[in-house]
C-alpha cells in the first residue's frame, strides 16, 4: 500500500492531499506502528496498519427496512401514506412502486421507491448520493440553491466500494467550479483523504471537514440541495379517460396542436399535448406510444399516459422552463455561460446516445423539442412522433411545416431517416444553443438552404462559437451519413469539452 507509481483512472481529475508528485498516490508514513493520536477531538489512525473492525455484522432482518426521506400522502387505491422519518419494511420490491408495511401503523400498501432509502446505511444521509456520476455531481452542485462549500459524497464510478467527495468552490479564473477528492479505504474499514488523518466512518470524515478545510479547497458548508422527487406514475394508468385531466394553463401552440400545463386527478402536475384531429392515426399513435413508454432515461421526457380518442392527448412529465429554444431567449437563458450551454448540449447528446443504443430514431431533433427543468436539466421530447404525422405540409419537403433547416440532405432528398440524420440535426441544434435560439441559416429561405446544401455549403461558424465546437458541428454535417460521429462520441467530447480539446485538468494540491 502507498506510493507505487501505479495510476488509477480517476486520479487525473481527483484532488488529493499528501501524494507522491510522480504517481499521485498517498505517501506511505515512515513509521508503521499502530499509534493512536487525537487531532481536533478526532482519533487519528495510521492508514497502513490493520485494526480490528469494531462494527457488529448487520442483522439479516434489517436488510428490508427503509426510512422515509419525505412524507407521502396516498392518492391511489392501494398505496400507503407515511411521514418523513418513518420506518417501513419492504414486502415486495418490483418496479417503481414497492409493497411495504409501516412499522408505525402496521398498515400495508404500495409506496414510491424514490421516497425511501435503506435504513442502517448511508442512503438516508442528505450528503450521500448513490449512483451519481462525476458529471452529474457537478451539475447538481452548480445548480441553483447550492453555494460555496456545498458538498456531496458519492460512490466511485470506477472502484466498487470506494467513494468520492465533491465540493463546490470558487476559482478566480474559472468562477464556480467543483473539486473532487478520492476517499481512500483503510484495511480495517476506515477512510481517509489525506494519510495524515483517518476516520472510522464517513460521518466522522464529514464532521471533521465541516469544522475545518484542513487541506481541502474549502470547508464543507452544507449538503447539496435537491428537490423532493416526483412520485412515479401509477403503473396501471396508461390509457386514461379525458375527464381525469384538468387543463390549467396553455403553454404554447405548435403546428400539430397545443401544449398545456395541467393536473391528473387533481394531484399530479403534468404537461398535456393535444393533437389536432386528423394529424395522425389513433391506432398508429397508440402502437408508437407503447414503444415510446419503454424508452425511459433521465434525459428523455417521461411519457406517462395517453388519451387515444381524438383529439389525442399525450401526458408527460412537466418541465418548468418550457422549450429550450424559448428559454435561451429569456433573461435567464441569455445569462448562461458557454460552459453551461455546452453542458446542456452534453445532456442532449447523452439522451440521444440512449436512443441510439436502443436502435430508435428521433426524426425531429431541434431546440423546440428539448425541454428544460427549473434546475436547468435538459430532456428530449417528441421522439418518434414525426413519422406518424399525416400532413402533406409536413411530410413533403416543399411543405411549409417541414423542418428543412434541421434535416439531413439524404432525409430531404430521399426520405431516408436514420440515427445519422439525427446526428446532422444535432449539429444544427448546437448552433441554436450557442446563438441563444437563433433560427439556423439566417437570411436563407428553405429552397435556398436546399440549393446551397446540394452545392456542399455548410453554415458558417456563429459568433462566440469556439473553434472546437464548430469542428464538432462540421463532423455532424459530413455528407456521407456513415462518416458522422456517434452520439456516444459527441456526449464524451461535450461532457469534458475544454478538457478533451485542450487537455486542461485540475491541478493536484
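Think of each number as a place in line: the chain as shown, counted from 1.
Every residue gets a Cβ built from N, Cα and C, even glycine.
Annotation comment: Swiss-Prot describes 2 as N-myristoyl glycine. Annotated region 'Interactions with CD4 and CD8' per Swiss-Prot: 2-72, in sequence order, evidence recorded as similarity to another entry. Annotation source Swiss-Prot lists S-palmitoyl cysteine at 3, 5. For 61-121, the entry in Swiss-Prot reads domain 'SH3'. Per Swiss-Prot, the feature phosphothreonine maps to 159; the stated evidence is similarity to another entry. What Swiss-Prot records for 192, 394, 505 is phosphotyrosine, and it gives similarity to another entry as the kind of evidence. If you look up Swiss-Prot, you'll see 364 marked as active site, proton acceptor.
Overlay of Swiss-Prot annotations on the structure.
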residue : record                       : DSSP class
159     : phosphothreonine             : coil
192     : phosphotyrosine              : strand
364     : active site, proton acceptor : coil
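Broken down with DSSP, the domain 'SH3' (61-121) shows 5 helix, 27 strand, 29 coil.
On the 0 to 100 pLDDT scale, the model's mean across the domain 'SH3' (61-121) is 89. When the alpha carbons of the residue listed as 'active site, proton acceptor' and residue 159 (phosphothreonine) are compared, the span between them is 39 angstrom.
Each of the recorded positions 159, 192, 364 was scored by how many other Cβ atoms lie within 10 Å of its Cβ, and the smallest score goes to 159. A separation of roughly 15 Å, to the nearest angstrom, links the Cα atoms of residue 159 (phosphothreonine) and residue 192 (phosphotyrosine).
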